[in-house]
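Undergrad: Below is a structure I'd like to ask you about.
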Amino acid sequence: MHNLSYASEEDTYTDTDFTPSGNSTNSTSYSPATIIGLAGLVSFLILFTIVGNVLVVIAVLTSRALKPPQNLFLVSLASADILVATLIIPFSLANELMGYWFFGEVWCNIYLALDVLFCTSSIVHLCAISLDRYWSVTQAVEYNLKRTPRRVKGMIVVVWLISAVISFPPLISMDRNTVDERRPMCQLNDHTWYILYSSIGSFFAPCVIMILVYIRIYQVAKTRTRNMSEKRRDPDGGSGTPRLENGLSREDSRRENGHCSSSPGERKPAEDNPDADLEDSSSSDEKAKRSQNETAPSKKDRRSSRKNSSSSKHSSRKSRASSKSLDLFSSRRKRRNTISRKKISQAREKRFTFVLAVVMGVFVVCWFPFFFSYSLYGICREPCAIPDPLFKFFFWIGYCNSSLNPVIYTIFNQDFRRAFQKILCKSWKRSF
């Protein structure tokens, strides 16, 4: 994030040489062994960050389970972390180990602007994701219909524009004085207004919004869970389905007890025996022809013929009633399947919301110490001094956050875990 220097009117410091008490050094104090160790450690951090976030991008773009458009936010967030690892951390490391800025004034200006932009965009992304979660919970049907890939991409563009508006204007007033032209420093001014502006705009304000939104999401989810549990306890709830099931069981019991003269084929003419009605009608026609060919039929025969025809009509009515009950049963079954799919989708949404809450919590934990000490220095300067090694630790812990999101996805989300395994297995097979 803010790879800044803190320059007062009397002194100027690089970010790595800053101490809130006002002490600074313009040359590196690291031994060769320490330089090698730090370079190796940070190089591993850079590589891990790039590989992990590239996996996130590939997983979202190729995995069917990760296709929902809201996951495009994670692609954009991972892209910001990749840019931090490639364009910011290497130059911060060189500045730390060398003790001065080696890469010229033009790149210094670009480097500072991008550093502020990428960290600001990370937290604004998380803020947008929290709002997306909130709308999907409170306006599930309407918002899910509106949440198309095109709309999400538009929201991502807005996130980057907001980040640029927060980050770039103060950079116009940067002080670029150097203590020694032979050892130039890449630095911003440390005026109180800028420190507070950047801290509030880039961290504290989005962080407060994000936390409040997630508290609201938790409240809504808790209320819904309580309402659902009350509905389950309600004896009148869902009485339609038991009645259908009882009706079917009564029909089955009547058939078993011999009360139904029709064959089992009557129960599902539409599904298993589509020609049942046709067979009934053809048999009745044959009976009619036989009765016409018989001469001088007796009264007994006529009575039996009427009984047969009434029995056939009764059987046909039963068949139609049974068909209707089966249609009703199949529609109920389809409805149950739809409900179960919705429950699976809701469970996935809950898991995803939990994962994003972990991502946001880790981000706050990683960056809060830096911004707190940075703001404290801007307000009260020397009286609020913290040890220089501690400030450097806070500074680099913030950068480490860029590598943690893929780890969080792997630990807490099964869809990401499967996607990562599939990608890595394919890469492994191709290499052999």
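Note that Cβ sites are derived from N, Cα and C of the backbone, with glycine treated the same way.
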Undergrad: Of the candidates CYS119, CYS127, CYS186, which does Swiss-Prot name as forming a disulfide with CYS108?
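TA: Partner cysteine, according to Swiss-Prot: CYS186.
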Undergrad: Is it the same side of the membrane for PRO32 and LEU390, going by what Swiss-Prot records?
TA: yes
Undergrad: Of ASN23, ASN227, which does Swiss-Prot mark as N-linked glycosylation site?
TA: ASN23
Undergrad: Which listed stretch (73-98, 352-379, 393-413) has the most C-beta pairs under 8 A with the transmembrane segment (36-60)?
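TA: By the under-8 Å Cβ criterion, the transmembrane segment (36-60) pairs most with 73-98.
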Undergrad: Using a 10 Å radius around each Cβ and counting other Cβ atoms from all shown chains, which of the disulfide-bonded residues CYS108, CYS186 yields the largest count?
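TA: That would be CYS186, with the highest Cβ count within 10 Å.
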Undergrad: Calculate the distance in Å between the alpha carbons (Cα) of CYS108 (disulfide bond) and ASP115 (site 'Implicated in ligand binding'), and round it to a whole number.
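TA: Checking the Cα atoms of CYS108 (disulfide bond) and ASP115 (site 'Implicated in ligand binding') gives a distance of 10 Å.
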Undergrad: Can you find at least 3 Cβ pairs under 8 Å between the transmembrane segment (352-379) and the transmembrane segment (109-131), where each pair is 6 or more residues apart in sequence?
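TA: Contact between the transmembrane segment (109-131) and the transmembrane segment (352-379): present, because at least 3 Cβ pairs are under 8 Å.
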Undergrad: About how far apart, in whole Å, are the alpha carbons (Cα) of ASP115 (site 'Implicated in ligand binding') and CYS186 (disulfide bond)?
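TA: Each residue's Cα considered, ASP115 (site 'Implicated in ligand binding') and CYS186 (disulfide bond) end up 12 Å apart.
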